[in-house]
Amino acid sequence: MGKSTSVLTSIFYLVKSSHSRSTIIITITTLLICITVFTMAGQANSMALQAYCSLCIFDLLFIGTALLSAWIMENNNTKVRQKMQISNNIDNNSINNSTSLFIPTQTITTFSYGTARFEVLAVFTSTMLSILGAFFILKESIEKYLEDETIHTEYLILSSILTYIIHMIVIYFVRNQAFDHVIAASSSSWLQEHVSDMFQSVCHYIPGLSRLLLPRINPLALLCWCGLAIVFSDSFLLKMGYGHFVDTLSSLLMAFMTFGTMVPMAIYSGKILLQTTPAPMIGQLDKCLHEASRLDGVLEFRHEHFWALSFGTLVGSLHVRCRRDADEQLVLAHVWNKLANVVQILTIHVFKDDWLRRQTHTFMQPQTSNPVLSNNPSTYNGFVVVT
């Protein structure tokens, strides 16, 4: 009962915000247009039109991911405020002592990062469903070609224009932090690579378009433009009497473009689900580790492991071997200070060179706070200090 009440409360606050209300209005409009264009595609009996109208289904998944991102952001903000209140209470009640040590909170048998990976899973699911839909279009196109049914061209232009308009509205007017991050961080699709040179030439003569087309255009918008050109060409060639092979070829081309656009985003989000280190972060991590290894008292690092928890959130753990005469707290604080700007959730195990005494310390840096070193060990932000 408590969980259901919490979910309903989160949905209420999500709907209450003005940004989410506009997204919900776009969602309802997209759903109505999706039903309309698929009805027209069924009457037209054109697989090229059905392949292009499948972008409306992806738009619904895109909007669902945007709403999920907004809900997760609201939950994270609430948790950060609660942690700040708890931290302030702990700081007020803490006792300063020269022998105090940083220790982790009480270990629990079940541990979870909560909703941190929901966005990654939503993006991966959306892209994989689009890839599966492309294979379905591929199969249906071959079957339609063998059946040799009549294609009605009167619905092609209208339904394709409706699909184009709603897709561009969803892509550019719905705020989706998850997909924006994936589009910016993932590798370019083959369609982007083929048109990048052409866009650079266009922007050379029309500099005002550089903000839209460079450094690389949004792959979802590019897919929409190319699909619209394919449907228009298909309609023109069918009216010229070129036969059903044109419609089949257009649907196959649309399916291959959808596949090529979604694969880079699916690979990027899939690697995060597999807990791998993001390629753009490897160089920065190596630099921070090299700087931290040269700190006074640090002998070596062992068992370094860094992986992406979600978009923009890196998790890491490492063992630090320090000198016998080194101050464990000081080594711990300086190593954390070097890595905290890159790794948001960091676990550090510190042990001395003699292997006789072992201390374990856990640091979890809130994304909204900046690490500040102080001479007083009990005043570090966001951590529990016990005597």
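Each position is counted from 1, following the chain as shown.
The backbone N, Cα and C atoms fix where each Cβ goes, and this holds for glycine too.
Keep in mind it's a predicted model, so treat the numbers as computed, not measured.
Sequence annotations record features per position, and here TrEMBL assigns domain 'Cation efflux protein transmembrane' to 110-274.
What TrEMBL records for 21-41 (among others) is transmembrane segment.
Sequence-distant contacts of the transmembrane segment (47-73) (same chain, six or more residues past either end, CB-CB distance under 8 Å): 10-11, 14, 17, 19-20, 23-24, 26-27, 30-31, 33-34, 37-38, 40-41, 115-116, 118-119, 122-123, 125-126, 129-130, 133-134, 137, 140-141, 144, 155-156, 159-160, 163, 166-167, 170-171, 174-179, 220, 223-224, 227-228, 230-231, 234, 247-248, 250-251, 254-255, 258. Summarising the annotation, TrEMBL assigns transmembrane segment to 47-73 (among others).
Among residues of the same chain six or more beyond the transmembrane segment (118-137), those with a C-beta under 8 A of the stretch's C-beta atoms are 47, 50-51, 54, 57-58, 61-62, 64-65, 68-69, 72, 177-179, 182, 251, 254-256, 258-259, 262-263, 265-266, 269-270, 272-273, 310-311. What TrEMBL lists as transmembrane segment is 118-137 (among others).
For 157-174 (among others), the entry in TrEMBL reads transmembrane segment. Counting residues 6+ beyond its ends, the transmembrane segment (157-174) has Cβ neighbours under 8 Å at 22-23, 26, 29-30, 33-34, 36-37, 40-41, 44, 49, 52-53, 55-56, 59, 62-63, 66, 218, 220-221, 224-225, 227-228, 231-232, 235 in the same chain.
Among the features that TrEMBL reports, transmembrane segment is placed at 220-242 (among others).
If you look up TrEMBL, you'll see 248-268 (among others) marked as transmembrane segment. Non-local neighbours of the transmembrane segment (248-268) in the same chain are 46-48, 50-52, 54, 123-124, 127-128, 130-131, 133-135, 137-138, 140-142, 144-145, 179, 182-183, 185-191, 219-220, 222-223, 226-227, 230-231, 233-234; each lies 6+ residues outside the stretch with a CB under 8 Å from one of its CB atoms.
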